[in-house]
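Data first, discussion second: the structure below is written as structure tokens.
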Amino acid sequence: TRLSTTASVMWASFLSRWGLQPPALSALIASASGSLVASASTSSYLRPFLAASLLYHGFEQYIRWRRRARLAVKGVPEAVAAAMPEVDPAEYARAQEYSAAKNNFGFVADLYGLATGLVHLWLQAAVWNGPALSLVLRCGGTASHELARAGASMLLCAPWDLLSGVPVDLYRTFVLEERFGFNKHTWLSWLGDSLKHFVVEELLMGSLMMAPLVLLVRSLGPSSWMYGFGFTSLFVLLLNVVYPVWIAPLFNTFAPLPEGDVRDGVEALVKSSGINCSRIFQVDGSRQSAHSNAYVAGFFGSKRIVIYDTLITHLDGDVEDICAVVAHEIGHAQLHHNYALLGVSTAQLFVMFRLFGVCTDPRLVTDFGFDAPCAYLSLLTFFTLWSVAMPLVSFGLNAFTRQLEYQADAYSVRLGFDIRKALAKISKTNLSDLNPDPLDSLFHHSHPTTVQRVLAVKQLLDTCERKAL
């Protein structure tokens, strides 16, 4: 095909620097491409995977069309006006314009993501079957050196993995976000953050997780799923401990909250709540974006409260509003929501690895175009197949986390704060969609809508007042 020919020429040029002959490389890639195409017509695994991917893409486009129709309606809806009478029609229209721009761009971004994902699927097999093996052999290894071949494959695919996402990210950052005043990146800072994200989160973390899993599968055979589950669960827990201390500071500056009324108010709140956390940081989120946030992160000794400088700005330095938001985040910690989410994540890992232990069919590897089964490819292809289940997992997880958000709002109220004003300000400055499509919200939103949260807080405050009487 034209795509295969073009890609073959590009990769032949790139990989010839490693001593590979372009004609031989073209033949290897064409062979892998033909193998993958042939698999698609007879495969027990690839065809259902492709069908599920296309079905999910179609469903996403359906939701986008629903969202587009809803955003086309002018004026503040009655439900929004009744719950939040302070909403200004002009500001609401601006927020709708922002949501519509994101949604319209999403049509293109989704299609581009589907196409690049399919190319990546083909490229993995093409590189593994040819250039990765050739590179290992040239370095003195053999075809049985599985980890070396996996490392070579990751490195040779890295340019595509890094560059394929650049067009979408560039447009989103420097056109879409810039248009609505949210982008604070310079070209240099964007490039630096992109490279750091790729190296740390994709290459380093991916290697640290996959290498031990490959060794476990090779050494333990059918029972490896139990040990793989145990290792990955510990890895996720360790990552939650390490990330806020060592990894997050690679991308932003975390400084103690400056002295003043805000710091005094937050410290008093921390003391009254009883949370075991003395580290309170302000992060320079404004270096990248005008969007605002706050969170409590970490486990055990790494726990910390983090407040974006943009949040303080958006709330006009109002101590009461800032403390209402921080009280919400403290609520997540005090109600053990971090452990609840960790438990859900662990349960998901258990199901995933148990299915991996059952799915021992070697055709799972060859159906995706690879030359022969091995531990690394068994893991790689199973995780690829598992990815089609992730939308359903995310659907359940979003439903669960929305309930946690209501609980955290209630915790803030119990500490004596009315978070409604802060929610209204944050929605205004972030240009949030106050009237999202219900199906969109059901499938994609990890938080209730602002209107839903405001109404829930109002009901809770009314109940408290009646009890006080």
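Cβ atoms are placed via backbone N, Cα and C, with glycine included.
Note that this is a predicted model, so its numbers are computed, not measured.
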*Record-annotated Zn(2+) site (TrEMBL): member among Glu201, Glu202, Glu259, Glu405 besides His328, His332*: Glu405
*Can you say which of 146-164, 203-221 is given as transmembrane segment in TrEMBL?*
203-221
_Sparsest-packed of the listed binding-site residues (His328, His332) - C-beta count within 10 angstroms_ = His332
*What same-chain residues, at least 6 away in sequence, bring their CB to under 8 Å of the CB of Asp409 (active site, proton donor)?*
His328, Gly331, Ile419, Arg453, Ala456, Val457, Leu460
_Should anything in the same chain at least six residues away from the transmembrane segment (203-221) have a Cβ under 8 Å from its Cβ atoms, list it; otherwise answer none._
146-147, 150-151, 154, 158, 227-228, 231-232, 235, 239, 375-376, 378-379
_Cβ neighbours within the same chain of Glu405 (Zn(2+) binding site) - under 8 Å, at least six residues apart_ = Ser446, His447, Pro448, Arg453
*For the recorded Zn(2+) site formed by His328, His332, Glu405, which further same-chain residues have Cβ atoms within 8 Å of the site's Cβ center?*
Glu329, Gly331, His337, Leu404, Gln407, Ala408, Asp409, Tyr411, Ser412
